[in-house]
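Some notes on the structure that comes next.
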Amino acid sequence: MHLSLSHHLFFTSIPSTHKSTTKTPISCNVLLNPLKKSLPSPAPPFSPTKFSPEYVPPPSLGPIQKLAAAALDMVENSILIKLEKNKNLNPMIDPAVQLQGNYAPVQEVPVQTGLEVTGTIPRSIRGVYLRNGGNTLFPPTGGHHFFDGDGMIHAVTLKGGESASYACRFTKTNRLLAEASLGKPFFPKPIGELQGRLGLARLGLFYARTAIGLADSGGGMGVANVALTYFNGRLLAMSEDDLPYAVRIRPDGDLETTGRYDFDGQLRNSMIAHPKVDPATGDLYSLSYNVISQPHLKFLKFDKNGKMTREVGISLQQPTMIHDFAMTQSHVVIPDHQMVFKLSEMIQGGLPVVHDPDKVSRFGVMSKIANHESMIQWIDVPDCFCFHIWNAWEEVDDHGHRVIVVINSCLTPMESLYFSDSNNPLKAELSEVRLNLDTGRSTRRVIVSGINLEGGQVDKHHLGKRTRYVYLAIAEPWPKCSGIAKVDLDTGDVAKYLYGSRKFGGEVCFVPNEDEDEDEEEGFLMSFLRDEEREKSELVILKASTMTQVASVKIPSRVPYGFHGTFISAQELAKQSLF
Ligand SMILES: [Fe+2]
């Protein structure tokens, strides 16, 4: 089993009962860990999503298999589930907390056309906006974290003018299909269930079921719910605990999972969910980490045609959760921070991912053409802890020194990552980290203080080059997102667009104006928005240069809060692989 369950780990301020290194690591992706205090409404009941029987036929079992399956069901129902129900669940894994309000899952929605549009969708916006998220298929029987949910993609197709359609579909992962086939959840939930002895029992039960042929763990256990990347004509749905899944966008805007994608047999291990497509070359850069054995990290490069051209093993001292990295024109920048894997913690009742206060955060700078880990220059950045990096580039400073500039959101103070402290709340500070390659020293400067900024992007055409603007979600009240911020990195000025009372969005997606791709202001910003008071969902579209809304597309059904998304232009979509 891949234990890279950090895939979107992120801390919140839920009190921990464990010792100092066993804090309460939770969710990743940006901001969206539902906390009890921010979700006062009760959890609505929901039913499992219905799949058509011909799509997921039940497994064909022999008499002995049926007997063994029944025995395991009995063990689960009469012992394990009862013990889990008696467990006093931390809010971070309590389904009543994690799946309430707009965090509750929804059913699949086939293509809905002719959506109501307020304002005018700019004619230059032609393509598909897609956003990933967790959407559990079955009601949990025990602990569940929102990030344990099965991957679901929400897609809005925009064809200019007022033409807009919407669909949402599960990504048909190996685990989703296996569970749908049996009509029950049985793959272990990495955050919600893999804690303590009950977590080990869950794991044991799962492997007993695979041993009798109820599922194939070798086919992958990931949920593909974190992020989306369009590369070499394929939309890839990813979580860092598995290989990507390829999803085809049909001409009518519907989505169809074509399968687990191993880059034609070249990718053997899981890959992080934030690979980078080089805008200059079309090459894909990524990382893969291994919790069990060295090298704990690998750097991967695929050329624009999908051929793996580089794999560099990186021997970290400890297996480390690395959610994101950065790319400049000539280098990659790899964070090696304090969140590490300690499987022994799991046996003691905690999660296997912990904060190690004795480790010094650092960044590794490596040439894109390096072929050995000895070519990495590691530079300590002691006061920096981040999950996401928005951009990075190369500069020469006034002393003639080579400097790598990294723009990220540092989470601080570290103490508030672990303990609830209303007097010292967690902050997501947009920061500039400067890595001096000649002196080996670093600095960190807070660009914007007093406001939590996370979940954003720069113009993807400028990734790796100096950018003046970064567009981010205003992550307040944490972890919800109440608006969009456009930050001028030259001046520190912040232009805000606030959604309004009880309206919350998510990650900001920047859609470049393909006719104006040299100007990083000439584009549009998108985010799904939930009006919690009126119980309506929409896609809001802003003009980036003025930060004014130009259109809103009414979504005919609820869109839960989710994780990362992307926009694929019609020109890019025309080159979609036929699979
Ligand atoms: Fe992320």
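A Cβ is built for glycine as well, from the same backbone N, Cα and C atoms used for every other residue.
What you are looking at is a predicted structure, and each value in this text was computed from that prediction instead of being measured.
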*Which residue of H372, H388, H399, H401 does TrEMBL report at the same Fe cation site as H274, H323, H564?*
H388
_H388 (Fe cation binding site), number of other Cβ atoms within 10 Å_ = 25
_Least Cβ-crowded entry, counting other Cβ within 10 Å, from the binding-site residues listed as H274, H323, H564_ = H274
*asked:* DSSP secondary structure for H564 (Fe cation binding site), reduced to helix/strand/coil, please.
replied: coil
